[in-house]
Amino acid sequence: MAQAGSADPGVGGHWAAGPRCAPWRWALALLWLATAAGGPSRRQWPVPYKRFSFRPEPDPYCQAKYTFCPTGSPIPVMKGDDVIEVFRLQTPVWEFKYGNLLGHLKIMHDAIGFKSTLTGKNYTMEWYELFQLGNCTFPHLRPEMNAPFWCNQGAACFFEGIDDIHWKENGTLVLVATISGNTFNQMAKWVKRDNETGIYYETWTVQASPTKGAETWFESYDCSKFVLRTYKKLAELGAEFKKIETNYTRIFLYSGEPTYLGNETSIFGPTGNKTLALAIKRFYYPFKPHLSTKEFLLSILQIFDAVIIHREFYLFYNFEYWFLPMKFPFIKITYEEIPLPKRNETLSGL
């Protein structure tokens, strides 16, 4: 995303005009200048998620505690006349390790299941972090680097099979639609493009307040958003979804209008803002991983002081830094209904 700046008011006309022309020319000039100067500051909210032309190779420094997509396989090409069942899959985050612990807090992970009628094979498709959630939410402060170092990538994972117990025991496994093999193949091409261009994970949804219709400053980009994008694409391709309730976890931050600060070079580079750079690193320091119990408790107090008492939060979005003037209630986890999409009636027979 381009950095906002004031437009160059290079006026081509001559302001040294005769007395009778001066008033209206001055008025037009001032109006033009006001429009030009004010235009870039009126940002688009929410800030659009930046897409890329390719997915970069991860830095070797970034290591996953749990291997990403260990049994992944290419998405198969289905026969056009196959009938594919589409399943909504949802389970508590880290259910494989903690069971239903996070399910009580409605912190859920979402995925999509498919079953081919012709072959009887099942498949799972999900989108999640390459290096776990903490690395996608907060950076590493490496002594040899001036700028915070981010291990933040998310990607799609497709593999054969659906672990029924994993999804059913504490979550959801329910049929939501039936599509043709042709529609599945079209979806697969879209998934490939989506995965190559949407490369990083975003934990937070940032809004002005919890009230309905409040301004949204930034949207999250996570597992549930991938599922919602895929459902929307299937509906565009003609899929008809069942009328069932579907809820999703969202983690909100609440703030006044964000202030754009700059990117890594403009803040942490040789000619960067040293005061701002230090403030950002101080903010992120309590979030560092591998803490002892004593360090962890101290960090909680430091985070409380920064976010609640001083009402400050530094957000990294689109590889750029923003300042959030935090507002009550500061942070909230919700489990909201987002309806399944309606079929595109202009595309029949798909």
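Glycine residues also receive a Cβ, built from the backbone N, Cα and C atoms like all the rest.
Source: prediction; values computed, not measured.
Taken verbatim from Swiss-Prot:
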TOPO_DOM  1-25  topological domain 'Cytoplasmic'
TOPO_DOM  43-350  topological domain 'Lumenal'
DISULFID  Cys62-Cys151  disulfide bond
DISULFID  Cys69-Cys157  disulfide bond
CARBOHYD  Asn122  N-linked glycosylation site
CARBOHYD  Asn135  N-linked glycosylation site
CARBOHYD  Asn170  N-linked glycosylation site
CARBOHYD  Asn195  N-linked glycosylation site
ACT_SITE  Cys223  active site, nucleophile
CARBOHYD  Asn247  N-linked glycosylation site
CARBOHYD  Asn263  N-linked glycosylation site
CARBOHYD  Asn273  N-linked glycosylation site
REGION    296-335  region 'Membrane-anchoring'
CARBOHYD  Asn344  N-linked glycosylation site
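Feature annotations (Swiss-Prot) mapped to structure.
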| residue | record | Cβ contacts under 8 Å, 6 or more apart |
| --- | --- | --- |
| Cys62 | disulfide bond | Leu130, Phe131, Asn135, Cys151, Gln153 |
| Cys69 | disulfide bond | Ala155, Cys157, Phe159 |
| Asn122 | N-linked glycosylation site | Gly113, Phe114, Lys115, Glu160, Gly161, Ile162 |
| Asn195 | N-linked glycosylation site | Arg55, Trp127, Ala155, Ala156 |
| Asn247 | N-linked glycosylation site | Lys106, Tyr335, Glu336, Glu337, Ile338 |
| Asn344 | N-linked glycosylation site | Ala235, Glu236, Leu237, Gly238 |
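A mean pLDDT of 33 is what the model gives for the topological domain 'Cytoplasmic' (1-25). Here the Cβ of Asn170 (N-linked glycosylation site) has 18 other Cβ atoms within 10 Å, regardless of which shown protein chain they belong to.
The glycosylation sites Asn135, Asn263, Asn273 differ in how many other CB atoms lie within 10 Å of their CB, and the one with the most is Asn135. Sequence-distant neighbours of the residue listed as 'active site, nucleophile' (same chain, six or more apart, CB under 8 Å from its CB) are His109, Asp110, Ala111, Glu126, Trp127, Tyr128, listed in sequence order. In the three-state DSSP assignment, the secondary structure recorded for Asn247 (N-linked glycosylation site) is strand. Calculated from their C-alpha atoms, the gap between Asn263 (N-linked glycosylation site) and Asn273 (N-linked glycosylation site) amounts to 11 Å.
Reduced to three states, the DSSP call for Asn122 (N-linked glycosylation site) is strand. According to DSSP, the region 'Membrane-anchoring' (296-335) comprises 14 helix, 22 strand, 4 coil. Cys157 (disulfide bond) counts 18 other C-beta atoms within 10 Å of its own C-beta, drawing on all protein chains shown. Rounded to the nearest whole angstrom, the C-alpha distance between Asn273 (N-linked glycosylation site) and Asn170 (N-linked glycosylation site) is 49.
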